[in-house]
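K.L.:
Dropping a structure here in structure tokens format, bear with me for questions.
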Amino acid sequence: MLEICYFFYKNITFGVTVFLYEAYASFSAQPAYNDWFLSLFNVFFSSLPVIALGVFDQDVSARFCYKFPLLYQEGVQNILFSWKRIIGWMFNGFISALAIFFICKESLKHQLFDPNGKTAGREIMGGLMYTCVVWVVNLQMALSISYFTWVQHIVIWGSIAFWYIFLMIYGAITPSFSTDAYMVFLEALAPAPSYWLTTLFVMIFALTPYFVYKSVQMRFFPKYHQMIQWIRYEGHSNDPEFVEMVRQRSIRPTTVGYTARRAASVRRSGRFHDQLHKDLVAF
Amino acid sequence: MPSNTASSSSAPAGSSKSKRPKYSKFTQQELPACKPILTPGWVILTFLVISVIFIPLGVVSLFASQDVVEIVDRYDNDCVPTPARANKVAYIQGGSDKSCNRTLVVPKKMKQPIYVYYQLENFYQNHRRYVKSRSDSQLRSVKDENQIDACKPEDDVNGRPIVPCGLIAWSLFNDTYALSKNNQPLTVNKRGIAWKSDREHKFGKNVFPKNFQEGNITGGGRLDANKSLSEQEDLIVWMRTAALPTFRKLYGKIESDLEKGDTIHVTLLNNYNTYSFDGKKKLVLSTTSWLGGKNDFLGIAYLTVGGICFFLALVFTIMYLVKPRRLGDPTYLSWNRVPGGGR
């Protein structure tokens with residue numbers, strides 16, 4: 001579920017930056033990035049973390065699934081893949097892309113970014129924006145998952161490192177092949193402090209809203225698997241009486257499939273309508 | 001919920017060995033793992049660290065930008081003589097003398113090198129058709145002189161290939177600026193204004209302009225046919241297409257200091273036609289800092305976000321103190337809570 005939402009998110013982040021740039025290129029279909037950059041985004045710079053996420057991610061370990069069987073209800077009731085979540089992730093991608101594009105554009109205003117007075121052309125703006133996208137998308141992954149093995153570390157930080165390595169290698173190939181990306185990193189981007197400063201700023205700024213949301217949600221509105229994570233963190237999971245108490249309080253009749261999802265959403269909205277009814281009556 | 005990936009080993013048929021896959025931590029998803037969760041301590045610490053890093057960075061960036069001295073002078077309207085202002089396009093395309101005198105006053109001491117730029121607005125150098133209209137191979141070597149397909153409509157003149165071909169080269173900016181201070185001419189160094197990789201690898205040392213601007217419509221400046229392309233730095237700078245419709249390009253550098261209050265006289269030739277598309281032309285003199293030109297944006301942005309993060313750290317501290325709860329408490333499960341709560 002998270003993998004699918006994340007996939008929407010990263011492609012929207014990437015695509016919306018391209019779209020926003022179009023608005024400034026009079027919609028002539030001139031892409032913001034070098035063509036090879038465009039093609040390889042989904043191949044190299046953001047694919048491995050998603051695969052690792054899908055294969056390896058565990059929000060709660062296997063032992064806890066045995067202890068707290070109600071976790072299965074999260075899937076049955078479609079809590080993790082509801083429309084709200086999907087739209088939420090897509091919206092996150094959209095505002096990340098807005099942040100990336102406008103900050104890069106403003107920081108390169110008048111294109112004076114280099115202490116040697118040279119101006120920034122399309123390839124420099126493209127390189128800067130792409131760097132920001134790679135960082136934001138991979139850091140977002142790091143923030144979303146709650147299970148870090150060496151696999152996750154390698155794919156996330158490795159994708160980011162690979163972007164820089166790729167820039168250097170591709171930039172060293174003869175310009176008949178690399179066209180405008182020739183030497184763009186080593187000659188233009190890397191020596192300019194404003195490149196590094198802008199990248200750092202964008203990655204923090206684009207991820208702060210999600211970070212705030214997650215902190216609040218984790219603390220005040222945790223989902224069931226997050227509650228189990230808290231229980232584990234606080235050490236109660238080793239206390240069999242506590243675990244038994246949680247299980248007892250979770251017993252309820254359940255169904256599966258469409259009926260279960262329908263019942264869950266009715267319960268969610270029904271509670272809201274009950275409360276609304278109570279408020280109206282009191283008034 | 002964990003997903004199982006079983007390794008695909010199996011015992012040979014007929015043996016009494018079990019078919020159970022070999023156990024490994026990797027395949028059974030039991031790798032040593034770090035399982036971080038967003039505890040209150042981490043949240044507050046993160047926001048504090050961000051604000052501690054960002055606020056000084058913002059201050060430093062803002063100071064750097066404030067140190068830069070910049071003079072911007074828009075001249076495209078003023079340099080058209082009053083009687084011609086009703087039809088600027090006809091004026092610019094006509095043959096009259098286009099020289100124009102401007103005066104700039106230096107607001108603060110400017111230390112060398114001082115960079116001279118021309119700024120164009122509403123000029124879409126990033127339009128796809130424009131960007132594609134060049135031939136990189138032709139620019140690099142003489143033997144590829146005839147690789148002009150991408151350059152249409154500025155590819156050849158009566159069958160003879162144009163070098164350099166394409167719309168980008170054809171629209172070369174050709175206003176010139178002669179600066180003087182107190183009646184002493186200020187030398188503007190026009191060498192070294194292009195990126196080194198362009199000069200040495202993209203524009204050939206043996207490629208000379210041919211048949212350039214010989215068509216019916218003149219798009220911009222002319223080129224000295226005796227200078228090889230790698231020495232035509234104005235062309236090289238112009239051909240690095242700009243990212244946005246408002247852009248500056250480097251014209252040259254002044255390698256002497258300018259004092260506060262100095263008057264700079266600029267005799268410019270207002271040749272370039274931006275009137276057909278409502279473009280603007282500006283002359284810019286600017287110093288640089290380690291951060292680049294005059295741009296307060298990064299400094300202000302860093303300060304703002306640093307401040308917001310500090311504020312958020314305070315807010316979260318207050319929230320966690322005011323509403324402490326035992327986080328593993330199952331009474332907070334949605335179905336055990338009062339109606340109206342989340343899930």
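For all residues, glycine too, the Cβ spot is worked out from N, Cα and C.
Annotations for this protein, taken from TrEMBL, read as follows:
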{"type": "DOMAIN", "residues": "A:4-223", "note": "domain 'P-type ATPase C-terminal'"}
{"type": "TRANSMEM", "residues": "A:7-24", "note": "transmembrane segment"}
{"type": "TRANSMEM", "residues": "A:36-56", "note": "transmembrane segment"}
{"type": "TRANSMEM", "residues": "A:86-104", "note": "transmembrane segment"}
{"type": "TRANSMEM", "residues": "A:124-147", "note": "transmembrane segment"}
{"type": "TRANSMEM", "residues": "A:154-173", "note": "transmembrane segment"}
{"type": "TRANSMEM", "residues": "A:193-213", "note": "transmembrane segment"}
K.L.:
Can you tell me which recorded stretch out of A:7-24, A:86-104, A:154-173, A:193-213 has the most Cβ pairs within less than 8 Å of the transmembrane segment (A:36-56)?
P.N.:
A:154-173
K.L.:
Report the mean pLDDT of the predicted model across the domain 'P-type ATPase C-terminal' (A:4-223), rounded to a whole number.
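P.N.:
The predicted confidence over the domain 'P-type ATPase C-terminal' (A:4-223), as a mean pLDDT, is 84.
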K.L.:
Can we call the transmembrane segment (A:193-213) and the transmembrane segment (A:124-147) in contact, meaning three or more C-beta pairs below 8 angstroms at a sequence separation of 6+?
P.N.:
yes
